[in-house]
Amino acid sequence: MEFKLIAEYFDKLEKISSRLQLTALLTDLFKKADKNVIDKVVYLIQGKLWPDFLGYPELGVGEKLLIKAISIAVNVKEEVVEEQLKVVGDLGEVAMRLKKTPQSASILSFLGAQSNEGLTVEETYESLTKIALASGEGSRDIKIRSLAGLLKKASPLEAKYIVRFVDGRLRVGIGDATIMDALSTAFTGSTSFRPLIERAYNLRADLGNIAKIIAQQGVEALKDIKPQVGIPIRPMLAERMSDPAEILAKVGGEALVDYKYDGERAQIHKKDKEVYIFSRRLENITRMYPDVVEYVREYINANEVIIEGEIVAVDPESNEIRPFQELMHRKRKNDINEAIKEYPVNVYLFDLMLYEDADYTMKPLPERRKKLEEVIKPNDKLHIAHHIYTNNVDKLMEFFYDAISNGAEGVMVKSVAKDSIYQAGSRGFLWIKLKRDYQSEMADSVDLVVVGAFYGRGKRGGKLSSLLMAAYDPETDTFKTVCKVASGFSDAELDELQKKLMEIKLDKKDPRVDSQLEPDIWVEPKYVAEIIGAEITLSPEHTCCKDMVSKGAGLSVRFPRFIRWRDDKSIEDATTPKEIYEMYKMKLRKKEEEQHTDEA
């Protein structure tokens with residue numbers, strides 16, 4: 001399959017913002033894609049060489065190396081590339097322009113660098129893989145030579161997208177939801193098989209692999225997909241509510257209630273002595289927790305199992321729960337053995353999704369929990385999450401306050417009904433989180449995605465100091481703006497913010513962003529931040545829940561304040577408009593109750 005085809009479609013995709021048009025173009029590309037390399041086509045669209053869970057290195061090519069490779073490929077001095085970059089602001093565009101110059105074309109032809117055969121997807125992928133895997137002494141030269149060789153053979157348009165891919169700025173604005181719609185339409189003629197594709201992807205979070213199965217075996221083959229050790233399952237997510245009586249009613253009157261620990265959610269896979277640990281974002285974090293790997297080998301009584309829990313920092317002396325920030329300190333340590341001693345951890349397990357080749361995701365929670373309890377040998381490092389079963393609101397609240405006093409964030413209230421399956425990759429009311437109140441503030445924080453930024457005034461003049469934040473809408477695969485956040489940042493965080501944002505600056509709005517506001521700069525949706533505020537309120541400026549409450553108005557966070565970056569969350573894990581709408585309704589109900597009490 002020619003890489004030229006992908007480059008041409010990337011060029012078309014970049015020029016449109018309608019999701020329907022994006023899906024139609026992508027459908028067309030998948031129809032033309034070689035069945036043997038469609039997995040690689042999907043990875044390239046996602047802006048990666050392989051799924052994150054493999055833990056392989058990223059390309060590791062900085063701007064200076066890219067400039068050098070381009071200069072070698074087109075036979076000009078590095079200064080020429082740098083000058084063009086100042087004018088254009090996009091190395092991909094620079095590479096394309098320089099490839100079009102008569103000097104570049106004639107010299108390369110004379111050198112025999114341009115053959116009659118164009119680049120193939122396989123050849124391009126192989127070269128990019130070589131660049132990513134190069135390490136140690138001489139790796140810098142290998143990366144430069146490999147990339148320069150690839151760019152020499154590439155057409156101007158191919159060079160543009162190869163450079164953008166390597167630079168981490170592909171900018172085609174396509175999310176996984178759009179890819180799944182396009183796969184369904186390309187291979188079945190409609191989106192009716194999208195739920196089956198999504199179910200398979202949720203159980204085996206490798207969209208390239210799913211695409212290859214569809215292309216080679218047909219979409220019906222996905223019905224046989226089940227969890228597999230080594231490939232993470234997309235995590236089940238909880239809804240949020242603040243009224244304990246309503247929560248119990250929502251889950252059917254009876255619930256399993258777990259502590260909600262302030263740690264790192266981890267999905268742990270074991271097959272014989274092989275252990276893998278994946279983060280909430282499905283990244284391979286095994287090397288960060290060699291102590292947990294040993295605990296699993298020693299205390300989990302199963303040959304093949306996938307379990308889920310929270311890795312929590314504990315005090316080395318008292319074994320009491322420590323804040324999440326201590327895990328972050330541990331991750332920053334270069335000496336992992338020293339980190340283990342200084343920041344020990346316990347693991348609090350709460351679910352089981354695979355046991356000895358049997359898929360447990362479709363079994364009710366009580367059955368999953370029973371099996372989880374059976375596979376853990378008695379020990380003081382791996383624990384079942386502290387929990388109760390209850391149908392009583394008072395007992396729920398007593399347990400909630402017990403959780404808070406013991407260092408937890410709150411509790412997770414979980415349905416124990418017959419339909420209490422593990423909803424991989426979905427957010428629903430089978431699990432509901434109840435977290436502590438923030439006094440006069442919102443009942444809960446929200447996790448929002450940075451989509452743009454504004455320059456400050458006064459002492460913050462010339463600095464990007466206000467962020468345009470958005471919620472993720474899974475139904476439309478778009479980001480709806482919620483608020484502008486300017487408070488809560490320390491001076492050090494503000495300084496770090498400048499670099500962070502300029503690295504992901506875009507020339508125009510990302511196609512997935514739905515905004516009425518025009519920030520000073522647009523950025524690629526990449527970072528998730530936890531935000532707290534006074535309340536959820538109506539706003540004519542923002543697009544989140546637009547027209548749902550009042551015509552012409554959306555919902556916004558009043559007096560928003562930055563709490564922390566949520567590096568453990570992907571942008572698709574951000575708070576949804578539906579959740580924000582529910583929080584707004586909670587506020588209205590609370591005010592009505594207070595008014596009723598005052599009148600009484």
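Cβ coordinates are placed from backbone N, Cα and C, and glycine is handled just like the others.
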Subject >> Listed co-binder of ATP (same site as ASP258, ARG265, ARG280, GLU310, ARG427, LYS433, source Swiss-Prot) among PHE350, PHE399, PHE400, PHE454 >> reply: PHE350
Original post:
When neighbour density is defined as the number of other C-beta atoms within 10 angstroms of a residue's C-beta, which of the binding-site residues ASP258, GLU310 has the lowest density?
Top reply: GLU310
Subject >> Sparsest Cβ surroundings (other CB atoms within 10 Å) among the binding-site residues ARG265, ARG280, LYS433 >> reply: ARG265
Original post:
Ranked by the number of other Cβ atoms within 10 Å of their own Cβ, which of the recorded positions LYS260, ARG427 ranks first?
Top reply: LYS260
Subject >> Secondary structure of ARG280 (ATP binding site) (DSSP, helix/strand/coil) >> reply: coil
